[in-house]
């Protein structure tokens, strides 16, 4: 029976559709095959060691970071055990596990050496890319944007505001001591301190977190939500773009994580910027937005979107990390009373010799307090995953250390790294290095002393909690000021009246990362009770 005209037309359409689909699918398969062959054979990094799947595709990295939730850093450590100190971990990136090469990677001490941020890395931080200095890829552009911010967070300027740090720490201690016997997560309390201190320093007024009952709200929950989305944004870049134009209520319906992130960027931060941009601090000093507006940056760098992005990056980076370090220190000192008593003895001796509250400068000179702070920073890692950079102008040479050269899969002893290669090393790899830090997972403040009992400055140069080089954390001095003053006051006033509550070492140990270090799934953090 012959087909009708309509049936014949439908058949032709079906055949053409199937044919087109086959053409598209075949083209994609051929393209993927060609890219794979190129990456494995002709790519400039083709000769570098690493598993074939990692050298051929980003799917290997995606599997560990997205599907297995932030476990690629651990997987990279495993790869180094197999392939040696230099491994190609994705088609375009080389990762090192050699602390002696850190200064070369980040051009530490070489201000003019160019190091661009890797675009793949920045894709995971849409909240500060590309307007904030932290999210600026180009070396020279970053240097331009960073200049007024570095001045604002300089050590000399923070010393002028040291009274603010003492005042807020005292208020935190008073609130903790008057708190009831109900268990709470100590990181929430520390987040109240760091948030109020940073916002007061930058905008001339706090958010009142230390004055309200309980330990909420702070930026802690929002930051936790933001970092949990970082890897999704890195591999699925359209997500960040969609969030830019979707109404806030739609973002909240999709996910509370997305809603909190978008709400912070669109509402909370702009309100801070607008208020601070119109009025001076009560003490006459510039607010953070004013410091940018009155700098010698070109007008294009002073637009509202820039101020909002820069402020967002400062708030995110300047509140959460310090509270994490204080939480780690709290756990280990409460779990090891002998360490706390040794610290208190040192602090009491300092108080007896001085007149009133010891200054930050005085506290920095105390060896055991410094060791406690350094060990807390080491086990917090800063950004636990790698911070990869692009080397655009140099062909670096890496000499494999002799202890690796005999490894079965480390056949070569010297590698020339082509210009434009993405390279990096994770703080986790360095801080867990058993040669530098014996028993690296243990909290051992004495490791920061040399054989003569003095501070081991040569060991301190391996601390990567604030990164290194031209991209080093701009808020390092502010963080150190908070850590020294808070640790000293908590040790003298609060920790003797505090006990751990249903908290184990697994609640502070690194399990995986979402940019920052995260403990095991289901952890409720370091919980304590006052008595």
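For all residues, glycine too, the Cβ spot is worked out from N, Cα and C.
Reduced to three states, the DSSP call for residue 473 (heme binding site) is coil. Around the Cβ of residue 473 (heme binding site), 19 further Cβ atoms fall within 10 Å across all displayed protein chains. The heme binding site annotation in TrEMBL covers 473.
With a cut-off of 8 Å between Cβ atoms, the residues of this chain six or more beyond the transmembrane segment (20-42) that come close are 52, 55-57, 91. Under the heading transmembrane segment, TrEMBL lists 20-42.
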